[in-house]
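Feature annotations, courtesy of TrEMBL:
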type	residues	note
BINDING	GLY36, ALA37, GLY38, LYS39, GLY40, THR41, ARG157, ARG202	ATP binding site
BINDING	ARG62, LYS84, ILE85, VAL86, GLY116, PHE117, PRO118, ARG119, ARG163, ARG174	ribonucleoside 5'-phosphate binding site
BINDING	ASN123	CMP binding site
REGION	56-86	region 'NMPbind'
REGION	156-166	region 'LID'
Amino acid sequence: MIGFLLGSVSQRAKSFLYRVSLVMKPQVVFVLGGPGAGKGTQCSKIVENYNYTHLSAGDLLRAERSRKESEFGQLIDNYIKEGKIVPVEITINLLRKAMEETMQKDDKKFRFLIDGFPRNEDNLTGWDTVMVGKADVKFVLFFDCSNEVCIDRCLERGKSSGRTDDNRESLEKRIQTYLQSTRPIIELYEKRGKVHTVDASRSLDKVKKKILDL
């Protein structure tokens, strides 16, 4: 009898969480820019000042790559080393799981900064297909920065980051991938009037002030 009651309560709790998730759809800001533009650094500043959760697509993929039981670890590693974009199904699954887990822990945490996604048309199509009606994309926060500054920042970061892709060969491939695949996505959102652009070549404090003034 007690087991039945507990089971009933558990089912009602799950049902309640499901209804809450339907009412409070994740509110998403896509954060885009070249490698080294400062997306992660500035996202942490936004989190300090506003009730947002920062999800880095790259960090989620690297964590999945390092997870011993991951069936996608080697595949992710190969794509990252080549500066290529990981298949969209893997990335969206990781992002969706991270958002769901965050909202289940705290239903007030429904605002997300998704850093480094969507990176190409395939990413965007996959998001629109899988997340249609399940998340509300508010706008794109675009960190505009020259290729030279981005490369210099990443090379400096690579001295201590331990990241296998913070080297000149990988960076040049990543920059080309960004220019060919990600910039068209930013331009698409610009046509929709949903892009806020920040000059990311300036100092950290000036970039932060510009963001907080948006």
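Positions of Cβ are set from backbone N, Cα and C atoms, glycine also.
Annotation: PRO118 carries the greatest number of neighbouring Cβ atoms among the binding-site residues GLY36, GLY116, PRO118 [cut-off 10 Å, Cβ to Cβ]. A distance of 8 Å separates the Cα atom of LYS39 (ATP binding site) from that of GLY116 (ribonucleoside 5'-phosphate binding site). In the region 'NMPbind' (56-86), helix, strand and coil residues by DSSP number 19 helix, 1 strand, 11 coil. Around the Cβ of THR41 (ATP binding site), 15 further Cβ atoms fall within 10 Å across all displayed protein chains. Among the listed binding-site residues, namely GLY38, GLY40, the Cβ with the most fellow Cβ atoms inside 10 Å is that of GLY38. Ranked by CA distance from THR41 (ATP binding site), the binding-site residues ILE85, PRO118, ASN123, ARG163 have ARG163 at the top as the closest.
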